Each structure stands twice: as structure tokens, then as C-alpha cells.
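One structure is given below, encoded as C-alpha cells.
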Amino acid sequence: MSSADRFPASFYGEPGVLGLLANGISAFLVLLQNFNGARTGVPPHGVEHILAGVHLILIGGVCQLLAALLSFRKYDHLSGTSFVGYAALWSSYGATRIFMGASSPPSGNLSSANASLEITEWLSPPISQSAIAGLIPYILLSFILAFCSATVNYIMPFGFGAITGALVFEAVGLVGRWGLVVSGVLELLILFFAIYGSAALLIKGVSQRYVLKGFGNPLFNVLLLGTANSSSSQGLGQEKKKNTKYAEPMALGFFCDTVSPFIFAFYCFGYVPSFAVGAVWVSIISGAQLFSSYYSYLRQDCYHTTKFGLHCTYWLVKSWEEFVLSVLMGKQVPAGTREAMVGDWFFVAAAVIICVVSLNMDTLELLHNSLFLLLTVSTISQIPLGGYYIFFGVSCSLFTALSLYSTFARLVNSIAEKSLILVGPQPISTARLQGALAVLRRCMGNVWQQAPAGCMASELPDALFYLTNGLAALSAVHASQPNPSFLHLTVPWVLISGAVIQAYVSRLQVQGGRRFGSVIPSFYTAIWATWTWYRFAGYLLDISAGSAYGFAAGAIAFLVANGFLMLIAAYGNLVLLALTTMMEVILVCFLLSTFGRLPYQLEIAMLAIFSIICLYGALASSVNCIFSNDLMPTGPPVFKDEKKNKAEPPLPCPVADSRVTSGLLSIAQLLDQGGVCGIPTDTVYALAASCKNPKAIEKIYNIKDRPAEKPVCICISRVEQLVVAKPPFSPLLWEFMRNVYPGGISCIVPKGEWLFQLGVGPAYGHVGTKDSIMIRVPDHTVTVHLCDITGPLAITSANPSGEPDSTHHDMVVTRLGHKIQGVLCDGESNEVVASTVVNCLKIDEGTISILREGCVPAIKVMQIFERVKNSML
């Protein structure tokens, strides 16, 4: 397969080095302040706080976030979740230090003192109360991270445990100075563990083996936490292929859903009268939640992309609404102001959609979505303020408790890759839910025909696109003469959902290769930002009549550009066309408002209809994308692309569909006849030749321009085939192979006459080396069935030698189709890299070596080996 130097550097790098050092240095910065305050008796203030805050944000926040992103790419669930969480913690704590520095009384002139007094009043009450409200959920989550890390190694649990203790005494230190001394001691331990852990990982990355102790062996086996329960498997609901390109971000999403409601609960129950600092803490952790949505998108997970994107929007909107209400308005709201806001109702409807599409998942997921629905109901603006905060506070408390448990359950289950922690069974089977949703399609079958193949299908970010636009539109509804308080409160609703989050959706469209499709969300981002600027912030900014004509010119430009977007939508589906058409009418209303001739009743009606279209679009896109089936109609395109109907040039080789039996049999026949074919595996696509045909194996070398000294490996369907061949393997090797097969690991074992019993036959001299052979048992149904039909296959990666691996059947056809006899098409690969190669020739001496780290991390292979070896003692 492809050489090691062709893999991305981030795959072989050790982002844990950067993450641990970021934690250690951040703790050291706080340690210096704490010890200096204890020694001098003078607490830090002013510039000291500001500089410390900036350094915490840059080192503990930005640097650690980079480590987290690389960890997600390395399929490291624990490090990815931990580093993003701690990056949010240090950034929030750094922002709090900046607030403290800005509110410290200066020693300069009177004007500076007056400015500081204004800032202090703006930030009142004491900042420490807000910081405590933010630290407590991080203490609980840090404890969970420390506990879970004990199932991976025995350095991180002590480091994360020290962080947990330091946070406890940092919170105590905000009300009693003695707590900072104890916190400083614990921060010194954090620095020690960070230096040792980063050194161990750095040496391991350089030497490709563990030199310093601490990594490679857990404190205890994660399997001790529970027993796998097939009835509560996480994978039951969506029935998707296992995706190991990126670590699972679900635990991170629930992590964020723990912090935000906890801060709100403190605020709602009156412990924190002002939400100035709280808004910053919630904004930072909501940004972290956006990363969980982003990595869900990269994993082709429409459900969590939409869910975490919606939750992020909700927390951002509510936090800045409370900031405006408590800080800028002093909670003095004129009668009827909040009652006129209707954006909360869209959140309720969106929460119902998320509940519907999660009915076939586990009980924990449905319960979590149900509590989020309760949360959205509790924040309906028509509820009187007296009962509003009690209802909201109780809902936040319940949601926090369930999110905390969900974080623990998802993280442990992700690490174990089994459902060890109880998440409950499926409330409704996938088949029943699909059948129920298909009823709507049958009811609307006479109205909307099924969209033909080739038209714009539902894509991953489409549901979030509809939700952000619908929320912005419904939030923009207002009476003809809104009071200034209403305008203040509405700004975050329209700006955050319509501009900020939609800019993120546009980025997802570009990430997915839909650069033309990203035009619509990008354009609507500009529309809602301009709408907020003129219609809501215009009064506050005192925009003159002359400036209004400038907005009129912009509105005309928007109208013309949206006309072209309507043309694009006409090639898509009826829902998108209806949405762009309604936007055209809404832009006409915007233009009329710049001339002071706005018919408010027409605008309210158009915004309401626009929101309803968005709700249906969000539901249809979610259902169709999650189930990979056109269950809910979005309507056919008005215009059809005639170019797609033209005959395509013939393919350079025969192709077969892996989903049909005839396709599998046709490729098996080609292999039996001495052909070389491209086939899917549980990692990347491979070239295969039957071991019954030695000349076909020789062809592989010519097809790939592969050096003769690089042997190909043998692929079999199951370990039991090896047992029948009776190779002289030791009990330790047998047990190790049973633990790693099937999967993305290739084991190099001693070669011998037993290969003839396996069916290798005349290919004996063409596979492996003189003394060893590499065996693959893929975790892929199609490949296993093919091996059952043809017998053992000689395989190697389907790419010209020295070039990147093929991760889609189109890549195989394009690059090698003119040289091979056929391709078995199975879509996109589950992996972006090849298998991990393990040398087991010296396993009886108690050692194995990693010749190439592939889709299965080396640390995981070593953990399996140590566990097996210890079990054999």
C-alpha cells in the first residue's frame, strides 16, 4: 500500500503535546498571580489582569483549540473533547480576568477614574459571582474527563484531576483569598503532569514507541464500566456505516449543553443579577458547540450537525438577549415589549422537528431533545417575567443534569466503541418511523411529483439553512411603531441567526464542494445583517434620511441579485424556489421601508409565510438526509438541466454495484477468470486478484508500477479460515488476532505450508516475503462476501505507487480503469487512510511493532496487545 510518507503529517503528529502544554502553561500563568497575591497581600488588578487574560485566551484557548482539532482528525475521542472543553474554559476565565482588569479602580487621573466607574457600573454586580457560576459546571465536567481518561492512560487522569481540584479552589478563591494558595499548589501539579506527559508523547512521536511510562496502558479497562447491551446500541437508530475518519463529537456537544444552561440557571434564580460576564462565557462555549456541529458534518451526520447548530443558536440568542435586558436596559422593560416578540415560537417548532427525527434513536437522545423542547417552551416571551425566570431556571436545571449524564455516557461509549453506559432502547424502530413519514409523501403525491434523479438533493447543512432563515424572519416581525426596547431586544435574534450562524452554514456548503450552492446562504447572510442594521439598529444609531436612500440603493441590488437566486432555485426544488420567491417580496417591503411607505401587514404576512416554508424545508431536509431516502417531498425542479440528459462517455472498465448480488457475482467471475478488479474494503479501495491466478497477482505490480520488493497481502473473510488451515501459531498470537480481526489492522505472521490449506495454492511465491505474510480480515460485508465466493484474495491499495489512496470508486475508475478489468462500486470509503500494519513475528517474545500507523491508532493496538498479553498470564 501507499508509503508512510504520503500520509498527512497531522495523522502521525501528537497533538496531545500541544494540548497538555497549553493546559500547563495556562495553569502556570494563574499560579504566578495567585502566589504573588498571597506573598504581597495585594491582589492583582488593572493591567495585570488584562495581560493575564489575553495570555490565557491565546495559550489556553487558541493553542489548545488547535490541538483539539488535530485530535479529532486522529480519531481521538477523549483528547478532542477534552481539549475543546478546556480551551473554552481558559478562554472564558481569561475573558473574566480582562473584565476584572477593566473594572479595577485606576491610579491615574480623574477622567480615567470616571471611565472606570462607568465600566464598573456596567459590569455590576461583582464579577466573581458570574465566574463562580461558570466554574462549577466545568468542575463537574473536568471530573468526568479525568475519570474517562483513566480508561486510556495514567497521565491524563492525574493531570485532569489536578485541573478539577484547581478549579474548585479557584472558585473558593473568588470569595476567600486562601483558596487561591491551594489552587496554586494544584496548578503546579498541572504544570508537572503537562511537562511529563508532553515529553512522553513527543518522544513517542519521534521514536514511534513508548519510552517514558504513562501512555499505552490505562489505569483500568473501559469494559469494566458496563456490559455491552445490543438493545441500547447507539447505532440502531440511523443504521449507518461506521465512520472513523474523525472522532465522535457527540460528547463535546453534550458538554456544551451542560455549561450554558447551568450558567443560565444561576442567573434565573437570582444569584447573578447581571448577565454581562455570563454572556461571554455562554458565547465561548457556544462557539465550542459549533465545532461539535462541524465535526458531525465532516462525519456525514446530518442529525447532530443540525441539532448542535440549533442549540448553539439558541444559547447565543438567549445569552445576548439577557445581556441587553439586564445590562443595557437594567431589566426595565416597558409593558408589551416582550409580548410582541414571537421568535421563541420558532425555536419551539424547531425543537419539535428534532424530537421527531430522533424517535428511532436511543431513549437518552429522545429524552434530551424532549427537555430541550421544554426549555424552548419555558422561554416563550409571552410568559410574565415573574414566572418566566422560575420556569426557565427549573428547565435549565433539568437540562443540565441530563446533559451531564449524556456527556459521560457518550464519551465512555465512544472510547469503548460499544454501548457500555445505559442509553436506553429505540422508542420506535427505523422502519416504523420511515413508514409514518412516508404517509405524508403519499398524501402529497398528487400535488408534488417525486424529484427526478440528478436534481438538487437534500444535503447535510440544508436543514440548518432553513432553520436559521426561518428564525431570523419570524424574529423580524414587529408592529408599525415598535418601541426602542423592542428594537434593542430584537437585534441579537435577527443578527445571530440570520447572519452569524448562516455564515457558518455557508462555510459548510463550501466545505462540501457546493460552492455554487453556498451563494444563497452567503447572500442571505448579507440581507439579514443589513436588515438588522437599518430596521432595528437604525433607530438606535440615528440613521439619517439621507443614509436611508443609500439603503434603498442596496435594497434594489438585493432584489436584482435575489432574482438570479430564484433562477438557481428553479433548478433545485419547489421548496427552495418558494423560499427565494418569498424573499423577493420581503425585499420589496424592505425597499418600501427605506422610503417610509411600508405596508406592515404585508411584511408580517410574508415573514410568517417565509418562516412556515423554512419549517417544512427543515423537516423535509432532515428526514431525507438522515434516512438517505426521499421520504418527504420537496418538489421537482421547475427547469431541468438538459446537459444531464446527454449520454456520458463510456467508462474505461466494467463497473458493478455492491448493493446487488448480480454485481458481486460479476466481479467474482472476473477475478476467477484472472482479472484484476478494484474493490471496497473497510479502509480505502484496493486492487484484488484471486490467489488461484498467480499471473493476475503479477499484473498488480504492473498496474501500480509497484516495486517487486514490496509484497502484497492476503485478504480472507474470517479468522475461522485460518483455524482450518492449522498454522503453527502460538496461543498469544491466536488471541491477539481474534481481538483485532475483523478490522483495519493487518498482521504480519510467519509464512508456511499452511497457506496451501488456506487456498493460496499457486500464488504462494507471489504473496508476502520469503518468511512472512500479511493477513487482512476486513470489517466490510461486501469484501467478506466476495472472499467467500472467490477464496483468498491478494490485495493492495488501488492507487498508482507513491500516490494518495483512493477513497471513492470514481477515483479507481479514473486513475486505473484503463488497466484493470472491473470495479465494484460502494461509494465513499469509511476511511481516508489504509490499515495499520502490525509486525507479529516476535509476539512470542512479548513484543510487537507498528510498521505503519493507519486508520487504527498505534496506541489502541498496543492497548489491545497489553490487555491480551496480561490475560494470558
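Glycine too: its Cβ is placed from the backbone N, Cα and C atoms.
Automated prediction, rather than curation, is the source of TrEMBL annotations.
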- Which of these ranges is annotated transmembrane segment in TrEMBL: 387-408, 453-474? 387-408
- Are the transmembrane segment (516-534) and the transmembrane segment (387-408) close, by which I mean at least 3 Cβ pairs under 8 Å that are 6+ residues apart in sequence? no
- Message: Contact between the transmembrane segment (278-298) and the transmembrane segment (83-102) is defined here as three or more C-beta pairs under 8 Å separated by at least 6 residues; is that satisfied?
- Response: yes
- Test the contact criterion for the transmembrane segment (127-147) and the transmembrane segment (250-272): 3 or more CB pairs under 8 Å, pairs 6 or more apart in sequence, then answer yes or no. yes
- CB contact flag for the transmembrane segment (250-272) and the transmembrane segment (154-175), at least three pairs under 8 A: no
- Message: With Cβ-Cβ distances below 8 Å as the criterion, list the same-chain residues six or more beyond the ends of the transmembrane segment (154-175) that contact it, or say none.
- Response: 20, 23, 27, 30, 34, 78, 82, 86, 89, 93, 128, 131-132, 135-136, 138-139, 142-143, 145-147, 182-183, 186-187, 189-190, 193-194, 196-197, 200, 214-215, 217-219
